[in-house]
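Take a look at the structure below.
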């Protein structure tokens, strides 16, 4: 299962079409017909699981770095001399996201240029080096500037990891469990957030504990970079590179020998001889692929405009204003996120992506409406407390069941193989830009607009997302990536 075989010159290179002509297409068609909807003929999920779990380490890091400043933020601002400055506090959160934007901008070209596996290793490198640089500046220097330099450096690695993880998981997972495996990305992010919150609990009792929180972040990327030596390369990427024999070898490791011919035949069906390197930004934003890229970008935009990361970044501050101990509140937020992610994992391949998205955004709208009601002057303080805390936990739970995990799974499914990596990069750039401004401006907007109006705005975006998903999103559960691509091209 884990046997390491370097993707080197031991395989003869030939074009994808020439290689496809050497397989028994008739036998492959029979295999595909027998395998459709028949659980008994599905490839064993255990073969691909270890590779998916390793890839999800990058998602764990993503969650950890999103939440690592949540609990220690007050201590950091006090130690570095900007306590009470909401703009500076927002910059500590958002500078990391600025670096992530740059990392995600080039992620598609990196993933297509050097492969998914090496892209993971490249992602791990700046996170190790960046975390060390950040610790040197922010854990020894007593200045806001040092903290911002370190956070920006780590953000570069953060931006590269999530889109590559989404690509890799979609491309190595069997169709019948791809939704379940895609949910692992959100669960790993959840564990990262919870890990950051738990590690940050002693920050009030131990002076300078926030520095330890930063040092611990150097361990997971080292594990990711090392473990990727033993993981498979994406067969889809290898096939598009003309390395069809290597793609077959990797498919055998992922699916077993009896399913290789049918998988190669499906790759051949979606191959139209187009060059991945020829994809330009103009083709994605105004060419024939604009519609599908706009769909993906819009899903990520609605995800962020719902206000979810404002909850994760500043939950300690919001709960403190409601009179709830921040450490207890953060634990409940983490548990709600985990519970919702587990529900999504159980239902993703049963109800489908679209149903989960619809009910998730609707539940988030209701939750934000509850929080807006709690901020009303006509509600008693005791009732407002219950509504505020309950609404926020319900919001996180609803998010984790659909709006959190589905976009990063759905987009690699609907993007054609030729543009998949670069289109994901464009969509993730949209994600990070909005994420950046939400993190930067949330506390200021909360002060100037008040919670009632701000939460109403978030609820309105969630309702808009429901209408958008209902009109534009297609269902992809149980279908191979090649089947989805062919279906979309025929529309």
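From the backbone N, Cα and C atoms, a Cβ is placed for every residue, glycine too.
Here TrEMBL gives transmembrane segment for one range in the set 452-469, 470-487: that range is 452-469.
Note on TrEMBL: of 23-43, 149-169, 233-253, the range annotated with the feature transmembrane segment is 149-169. Taking TrEMBL as the reference, the stretch among 265-285, 328-348 described by the feature transmembrane segment is residues 328-348.
By the Cβ criterion (under 8 Å, sequence separation of 6 or more), the transmembrane segment (385-411) is not in contact with the transmembrane segment (209-232), since fewer than 3 such pairs are found.
Between the transmembrane segment (328-348) and the transmembrane segment (423-446) there are fewer than 3 Cβ pairs closer than 8 Å, counting only residues 6 or more apart in sequence, so the two stretches are not in contact.
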